[in-house]
Amino acid sequence: RRHGEEVAVLRGTLNGMSRTSVGREGPRTARALGVEDSQSCLLCSPDCRQGCLGAAAQTGHILALIAFICIETIMECSPCEGLYFFEFVSCSALVVTGVLLIMFSLNLHVRIPQINWNLTDLVNTGLSTFFFFIASIVLAALNHKTGAEIAAVIFGFLATAAYAVNTFLAVQKWRVSIRQQSTNDYIRARTESRDVDSRPEIQRLDT
């Protein structure tokens, strides 16, 4: 009986120590998670995607579509290298961004967790910004001052600005996702270490 009472007392002491440790870490963890949640809203979490990042992505997509329509209305060109390059860049950005917008809007990306969608979005916006900027400069240097070419150049630079803003927001979202993953791994490791530390004492007393 005395041995059983000692085991019960020790178990109660270990549980009390565990609750005290969790209580001390709880506010700090809550504050950290609160900061991450407030930043994730800025970085276009699923709830905020219709806001800042979603608006930037949709704006860039619309501007890319208008630039593509403008370049397609040009019937004659000489030389045509700048026009073909701009056409390829605007069409590629239009298709890839459109697919990603559909995936995120319908939450289809959650069905393919093997892909890092934050990094995919970042790569798409970064490459679109770079190539739209280069294509707009090339078209501005080689155009023949027609209305369609001038309009394509203007909307090309506007699309570059929209994709640049989208790239900035995508970088912030990617950094927050990395910090959240690190926080989750730390909490999981601490929980597992507390469980491992408490088991040997109980097993020794039971024997």
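Glycine is no exception: its Cβ is also placed from the backbone N, Cα and C atoms.
Bear in mind that TrEMBL entries carry predicted annotations, made automatically and left uncurated.
The feature transmembrane segment, as given by TrEMBL for the ranges 30-52, 122-144, sits at 122-144. For the transmembrane segment (150-171), the residues of the chain that approach it from at least six positions outside its boundaries are 42-44, 52-53, 56-57, 59-60, 63-64, 66-67, 70-71, 74, 86, 90, 93, 118, 121-122, 125-126, 128-129, 132-133, 135-136, 139-140, 143, judged by C-beta separation under 8 angstroms.
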